[in-house]
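Notes to accompany the following structure.
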Amino acid sequence: MEVLCLIYGVPSLILTTFFVRLLSQNEFKYSFYRILQCNLVLNILCYLNGWFIRFCSWSFSVPMMLVVYENCFIAFHLTSFSVNFYYNAQAMSVILLTVHRLTSSKYITSNEFWNKFYHIIYASIITLSLGLALFVYLNGYILPKHFDYNTETFLATTVDPVKYAMLSKIFFIESTIYFSSILIFNIWTIISIRQRFKTNTTSKKTQKLMRNLTTTALINSSLFFIVFIWQLLGANVFGVQFFMGSMYILSDALSLSLPYILLSFDQNVRGTLAKIIGGQAAILAKNLGGKSQRTTSVVSII
């Protein structure tokens, strides 16, 4: 499992980081890409936080994490707190993408609104997610792992049964709200886009762009649906051990999939990448050609 996570995780992390920079190009002025940039940064941080948790579970990295445990225990508090924070923040970011697509399909001037206020809205999402995570953590619903020196493993710290039951209720309520919101907004968006296309007031180019961006949002939402359903049913159906291993992969898929979705369905992204790669190839060919000419000249002189 460790090797598998590294094989797909490291290249995907590099690609996701590259896309944060790529979407800053002039070709991506549309507000949807600004929100995608924020989501990519959030996903990178969530993915890195997940590795802290994995290092506590894998035997080869336990000695390293024990040093952190004994000298910087606050890191374990921060990681446990961050799990709930990233869950809420990622869910809200998915909802934000669907709301963007809905408003863009209904209102012509929506892009101006999002370009002006997306950073304020995203900051509000982060603030709300922090507040929810603080509420859960300060009330002792989630506790950091502890190290058992007898078994030399990190173990989950037992939470009071009443608090654990409350945490389960909170998680179920949050997940239901997120799941329902994403489902409703996605269906509403599809209906709205169909109605807009029927009026024939939108150019073919704009229709294609709207389809591509909406497809990106829908697939991203579908991944959240899968993770949500798996969290509810996976452990009961397939057992805890298989469930935990699969959750690593599903969590990574949610955090690292956006670049692959964009490459598959966004023609603007593919076109820009082709220009960048073509430009670099031309520069490389020119440099190689220059070196070849200089070599030829030297040979001729000799």
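Using N, Cα and C of the backbone, Cβ positions are placed for all residues, glycine too.
Automatic, uncurated: that is what TrEMBL annotation is.
The transmembrane segment annotation in TrEMBL covers 6-23, 35-53, 73-99, 120-142, 170-191, 212-233, 239-263.
Beyond the transmembrane segment (35-53), the same-chain residues lying 6 or more positions past its ends with a Cβ under 8 Å from any Cβ of the stretch are 9, 13, 16-17, 19-20, 23-24, 75, 79, 82-83, 86, 89-90, 93, 96-97, 100, 114, 118, 122, 216, 248, 251-252, 254-256, 258-259, 262.
Residues 32, 35-36, 38-39, 42-43, 45-46, 49, 52-53, 121-122, 125-126, 128-130, 132-134, 136-137, 142-145, 174-175, 178, 181-182, 185-186, 189, 216-217, 220-221, 224, 254-255 of the same chain lie 6 or more positions beyond the ends of the transmembrane segment (73-99) yet place their CB under 8 Å from a CB of it. If you count C-beta pairs under 8 angstroms between the transmembrane segment (212-233) and each of 6-23, 120-142, 170-191, the highest count goes to 170-191. Long-range contacts of the transmembrane segment (6-23) within the same chain: residues 33-34, 36-37, 40-41, 43-44, 47, 252, 255-256, 258-260, 262, 269, 272-273, 276, each at least 6 residues beyond the stretch ends and with a Cβ under 8 Å from a Cβ of the stretch.
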